[in-house]
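K.L.:
The structure under discussion is supplied below as structure tokens; questions concerning it will follow.
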């Protein structure tokens, strides 16, 4: 621009304090806080302390032009200096690489003199490297720090003189249109508008952030990350950009770096919900559950209407085995977002682990509505059904799980267990064997197969698998019990068979064989042998009782009572026959007559605790709760860790509204009993009350 044009523009300026008066002066003092362009009146009012820094307005544009050209000259000079430095750096690195680098593939081709020379040079590399670290690296870091400080002081996004009024209006149109497109989900089109703005105003942080958000929506996470990094370079205290970078690094499993960015944001604003949540999520992934929980709780205090912190809190509590409180957190998350899949799944799983199977199924079903093809959901539901003894439905669910994941160990094992409970031992063994192909040393599948073999009468083979269970887990009490029992019974059975080979009519040996088969759960086989004894001796009372016992276990209670009656005709004081008939009557819900037989046993043996247990159950079923309580207390004095007695007593107390004591008894029973539907139902009933 020529000098005349610069002089003419001076006369268009107005005083900023008195806008109707033409400006006559300007102030160039850097520390001056007043308006720099002003009239005669303002000199005395605002600038009388530094008259030497005041110039005529006619000199303003000439000064601006001069300073601008001077700045450009200096900037070019700085650029040339850095360019020269870069060239020297490149030459130096190239020389160092020529001497020291890239010989890995050629070492074997060097002769002795070359190797010695290379060794000499490599030894000097440590000295050069140390020199670089001590002298060059530290100075470069200082230079970078200074450059960053200079850059941070530049008000890049506030400069208006780079934006003519017409261009500013055009930019606003692009911005409004871009934001509208973003709201419509047209992210690529929105980015086009934002790019137009950034061509005009490259340091517009708001638009840079909006573009980064659009890139995230298009799954261009790395490009968005770079854009957010640009923002942080311009504004290190931009909370949203810090959080976005933290989340990106979290998704990239760069947990320590992610925490740094979340922490930077929290230093600026300790109540930033997104940063608290991200920081807590990172800690949880790193298994720092207690510290993560602390941050989740802070996030909940900041924003109790967002489900994510409740979900994260629940995950931490679940990992700390605090299933009861974790369930509360998952339920709170679902109150805020009822279709949040992870909360549904985790809640269902926590309920399952806590033996609350019926409630767990409800949440597994809700989760299956969202992801019907997820095998873990079908397996979880199936396991709950199995624990509730609904094995037929459990098998259907295990089949669904295996349809989507044929190699699911838990589903294969669970299918084996349900089929065993349905006495489909051949099919059960097939699934246990498939499970063992995946986990050959797993005690549960080995024990499951052993149980099936035992039920099939393949006792020697079952014994082999029980021994394998104990090899991998010597503390498996059930396996140890059956192993010991099998060894003793098989040994006794072989002895009876030897005796029968000598004397096929030996009543003691035939009866002994029947008893062995009964103890091996081969009830059909045992009953056939008992019949053989009774053919020889119709009054063999122990065979009658054994026969009745086997019939009772097969739910043939009337036929069982016929055998017990025959035994009682021989000996009216036979404790086993009296107790057995009482059990059959109780199972047929003839509680009054069952009580008569339990009383007969107790007259002979007052501490016969199984008769006390049966008597207590009958009194309870007749709603005679106080009498039942007295009997349960007698039985518990003899056998204080029997879950069925604790359960029976708890039910009576619940009927008397003593829920607190009942709850304690049910908790005791739950600790020592295998998973039990009735126990869980009673516990849930107390919670409702």
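Counting starts with 1 at the first residue shown.
In case you wondered, yes, glycine gets a Cβ from its N, Cα and C as well.
Heads up, TrEMBL stuff is auto-annotated, nobody curated it.
Look at TrEMBL and you will find 171-204, 239-272, 307-340, 341-374, 375-408, 409-442, 541-574, 575-608 tagged as repeat 'TPR'.
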K.L.:
For the repeat 'TPR' (575-608), give me same-chain residues lying six or more residues beyond its boundaries with a C-beta closer than 8 angstroms to one of its C-beta atoms, as numbers and ranges.
P.N.:
541, 544-545, 548-549, 552, 555, 557-558, 560-561, 564-565, 567-568, 614-615, 617-619, 621-622, 638
K.L.:
Do any residues of this chain, six or more beyond the ends of the repeat 'TPR' (409-442), have a C-beta under 8 angstroms from a C-beta of it, and if so which?
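P.N.:
Contacts with the repeat 'TPR' (409-442): 375, 378-379, 382-383, 386, 389, 391-392, 394-395, 398-399, 401-402, 448-449, 451-453, 455-456, 472.
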K.L.:
By Cβ distance under 8 Å, which residues at least 6 away from the ends of the repeat 'TPR' (239-272) in the same chain are close to it?
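P.N.:
Apart from its flanks, the repeat 'TPR' (239-272) reaches 209, 212, 216, 221-222, 224-225, 228-229, 231-232, 278-279, 281-283, 285-286, 302.
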